[in-house]
Each structure stands twice: as structure tokens, then as C-alpha cells.
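If you look up TrEMBL, you'll see 1-27 marked as signal peptide. As annotated by TrEMBL, transmembrane segment applies to 279-303, 345-371, 377-397, 418-438, 450-473, 494-527, 533-561, 573-592, 604-633.
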Amino acid sequence: MARELLSCHLWLWIFVCFLLLVNVQHGTCFYLPGVAPEDFHKGDLLPVKVNKLTSTKTQLPYSYYSLPYCHPHRIVDSAENLGEVLRGDRIENSPYVFKMREPQMCNVLCRLTLNAKTAKEFKEKIDDEYRVNMILDNLPLVVPLRRPDQESSLVYLHGFLVGLKGQYSGNKEEKHFLHNHLTFVVKYHRDPVTETSRIVGFEVKPFSVKHEYEGEWDENTRLTTCDPHARKIVSGSEPPQEVEDKKEIIFTYDVEFQESEVKWASRWDSYLLMADDQIHWFSIVNSLMIVLFLSGMVAMIMLRTLYRDISKYNQLETQEEAQEETGWKLVHGDVFRPPENSDLLCVYVGTGVQFFGMILVTMIFAALGFLSPSNRGGLMTAMLLLWALMGLCGGYSSVRLYKLFKGAEWKRIALKTACLFPGIAFAIFFVLNALIWGQKSSGAVPFGTMFTLVFLWFGISVPLVFVGGYMGFKKPVIEDPVKTNKIARQIPEQAWYMNSIFSILIGGILPFGAVFIELFFILTSIWLHQFYYIFGFLFIVFLILIVTCAEITVVLCYFQLCSEDYLWWWRSYLTSGSSALYLFLYAAFYFFTKLEITKPISGVLYFGYMLLLSYAFFVVTGTIGFYACFWFIRLIYSSVKID
């Protein structure tokens, strides 16, 4: 029966992987847009929205109007979901006026004179390489650049730099220059039947231009550096605009419309173009090699334990053969003895099940294309909601295991399951948020959103954990396949390579090795503000991670039992869970080799959030290893008749 169920599940996983591989191979950028396309007639107003200022050097986002940019008569905030607020998005209207398929040249946005304070603000943002983000018809603004290695290929950078630092020829003094002229390119796809158009691209070329004019400034003043009547356009040859006290700055922009063959459903393809897909395939092949190696070891162990050991159990063997082949049977009276700190183990297992359910459902929806980048913040919102709903599974698992240990106070275990991990995570998050708030960054979570998070925790997750705990406690207790002795058996002295710390640290290497290549791209998307949308690859890697965690734990658990060490409960959890340690060490390596973070506060934020991520990874991988070992031990001891 067990083999039939295992075979059924195996074929199901193979079928799912095949579908995902087809999706990855033939539709890398497949997604369900999530929003209906909007048709525009010629002359229709196109609302341009501004978003946060971002920098890879500080990781602290700021609202667009935190700098003295030109602003409309009334600033209106767009509706934001929970994920957008947590990401620091602040979407607002702008003074830019676009009309569909009506090009514009040298539109003057506003004129301002810097003072010491505003000049300092611009200089600080230029020093930290902040980028300005805008949105048109739900498409982010990008700057197209040609790849140095491939002239025919384009790379899209999100947003344009606030400004640049440079020197005049013959002068060694470094100056700050502001990008005050923007040449926008709006790409559209026209329907030949209805003559309506849909926006499929939003690009910009920023320039720094010291605009000049004759006479006194008024509303009708014509610029000599940029004049649509004289057909004088901005190029890179004009003198740049310095950022200094009492400097006058005139903000201008052009709008160009280009017809495109790209259809609306495919407009995100260029943003999500995966030029390095061979690396991801290498990652999967590398991980599959690890899985095949471990599967071979597990198959060998299962053949020895379930066939060779059991069939020869009553046959006469030499003492040396018995020591080698049947060492695991000698601890049958202690292998199901409850471990120390069993309550804490139950809590961590329940928390891991809650996280595992959240990740699995999120991965499936993302791989199928429901969580597209057009829905900003949708991925994070979905994860938070699923985490709260999966409290039902977490409470059930923790209390069910607690009842196996002959526990009676299930409410206490349910409360710990509902509060331990979220409490630690919320405390770290609150401290980090206070640091962000002290920097006056838009990334600081406002009070209303903090209340929403608390409501998700105590209003949804905690009650569901208790409901799941009640259901788990009402279930019949899981019967052990063998009886436990009243007096614990003495564990013989172990070889150095079977030392618990050494075994645990070794066990975490292979699960980390299965995911570390994909981890690089995930960290790049998070900390270098790039799109990550190769969820087909990620889901396959996640399945490989599950198999790797399960198999390495089973292998090391078998060796442990053969050494007559029956303290497997915690070790099975820590064996695969130790991969989180390598994840955190890799995050530290990534910080010092790939990032250019300069401010100490940004370093604290990075390591604080990576600590939370590593903690969650520990809980998930540890739970996978625990359940694999739990199933393996119950299987082998229920298959042997113990006298």
C-alpha cells in the first residue's frame, strides 16, 4: 500500500515538473496580466504617475516629492495594497501631461531656484545614486542600454538617475549635475480596425541641460537651448545643469510616440527577458545530480533494511554481520522515546508546516502566472494572506505531534505555535522599521499598515491555529509500531564522524547546494531592484530542495540508528535545517562582494532581513527533514517483528 501511494505521488510530481519545464522552455515570460487592457484614442490623456526613489547603495526608498521636483497643484496618492506599502512604493500623480499619439517637444514643466537646503538634498541623492521611478498604464519607466558584450541586445534599467557626478575638462573639481530634461518614448500597438491604441512600452533618455533664455522669465518665455518652434532639440552637447546654491533650474521634457508590433499581452516580455537561462538550467542539472546521488543511497538503504535485513532477521549470522546489518534494530525499545524539549519541537514542526503550505501554494500560483509583476506587491500580499490561512495546518501538525508525546495541554502548544516565530519576526521587523522611520524613508511601514499586520496575526492566524490544534487533538493518537522500554538504553561511544554537531553541519551542505545558484538571482532581484519572474525554474528547484532535504536526513538518520544512537528527533530537524546557516553565510558573502552599501543603517537592514529569511528557511527545511525521517523510522520498525 505504501509503495503504491509513493508510486502515485512520484508520477504526479513528474507530471507537474513536465508541465513546468514546458512552460519554462516555451513561455519563459508567460503571465496572466491581472488587469484589463485599456484602449486609447488619439488625443486621449495619459496619466503619468511617479513612484519612489530607489538606490542600491542605501536600500532606503524615498517618495518622489521628498526632493523639490515639480509637482501638480494637488498631489493625490494612488490606492496601494499591503505588499506595495511594505515594499515602500508611494505612487502619486505627476505634472507631466501626455496625449496619445501627439508628440511634444521641449515642454517646460517648472522653474525653480535652489537654496542651500534643496541643493544639499539633490547632492545627497546623486551621491547615493538614487533612481527616479515612474509608471504609465501600469508599465514602469525604463532606460534602454545596449549590452557591452552583445550590441544587438538591450538591457532595461528601472528608472533614471537623479543626476551624475563629473568634471569639466581641465578642472579637477568634481561637480554634481542634475537630469532636468527627459525625452520620453511611449511605444504603442494600434488596432487597425478600431484605430485605438494600447501602450506596450515606456522608455526615457535623461539629459542634464543648463537651459538659457533671453529677457525676464514669464509664462511665454522661449528657451534658446530647447525650442520646438526652431526645431532645436536637446542633445548631449549642451552644457550640463549644475547643482549649487542659488542655481536656477528649468525642468523640461519631450514625448515621442513609436508604433510597435508588440501586442499588449506580450508587453512585459522585454522587461522579463531572461538572457541567462543557461545558468538556471545548469542550476537544475546540478541539483538533479545531487538528488540522483542521494536517491541511489536511499534506494540502497531501503533495499538493505526492508528486504535483506528483514528476510534474514531470523537466520544465523556471524557476530560481525549482525553488528553491521542489524544495528538499528537494537534500539527499537528507545527509538520512539519522547525527546527533550518536545514541546518546542512540536511548535517548530507546526510553524514549518505553516510556512511550507504558504510557500507551496504561492509557488504554484506564481508558476502558473497569477502573480504577475503588473500587480505590484501582489506576491508579498499573497504570501502574508496564505501564511495567516495556513495557521490551520500549523496548529493541527503541532498539536498532533504533541499528542503523540502523551501531552494533554494542547492549548498551550497551539498558543506557542501561533506566537513564537511571528513574535520573533515581528520584534525584529519593528526594530528595523523604527530605524527606517528614523531615516524618514518611505519604506517605513505606517501605523495603519502595522495594525493590518497585527490583525492578520491575531485576527486570522491565531484563531486558525487554535482551530487546527483542536482538530489535531481530537484525532486518535498515532500509535507507535513498537513499545518503548521504561529504562533508557545507554548510547555507546560514537565515532568522530557520527558526532551530532559534525553530522548536522554536513547534512545542511547538500540542500544548500541544490538552491544556491537560484539564491543568487533571488538576492539580486531583492537588493538590486530587478524583476524576478522565473517561477517555473524556482518551483522545480523548490521540489528538488524538498527531495534533497528528505533524502539527506533519511541517509544520516539511518547511519545514526546503525550506531545505536536513538536520539533522532531533534537531529532530524537540525540536519536539513542547518542549510539555513549556509544561506546566511552566503548572504554575508553576497553583501561584501556584490553590493556597494555604504551606510551602516543599510547594512543593519540587510543583515536583519536576511536573518529573518534564514530563520524561515531553517524552519521549512527542518520540518521537511523531520517528517521524512519520521516516516522512514515508522516504516522500517513497523516492517520488522520485534520479539
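Just so you know, glycine gets a Cβ as well, placed from its N, Cα and C.
Predicted automatically and left uncurated, TrEMBL annotations should be read as such.
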Selected stretch (most C-beta pairs under 8 A with the transmembrane segment (604-633)) from 345-371, 450-473, 494-527: 345-371
Cβ contacts the transmembrane segment (345-371)/the transmembrane segment (494-527), at least three under 8 Å, sequence gap 6 or more: no
Best-contacting stretch, by C-beta pairs under 8 Å, relative to the transmembrane segment (494-527) and drawn from 418-438, 450-473, 533-561, 573-592: 573-592
Stretch with greatest number of CB pairs under 8 Å, the transmembrane segment (418-438) reference, 450-473, 533-561, 573-592 candidates: 450-473
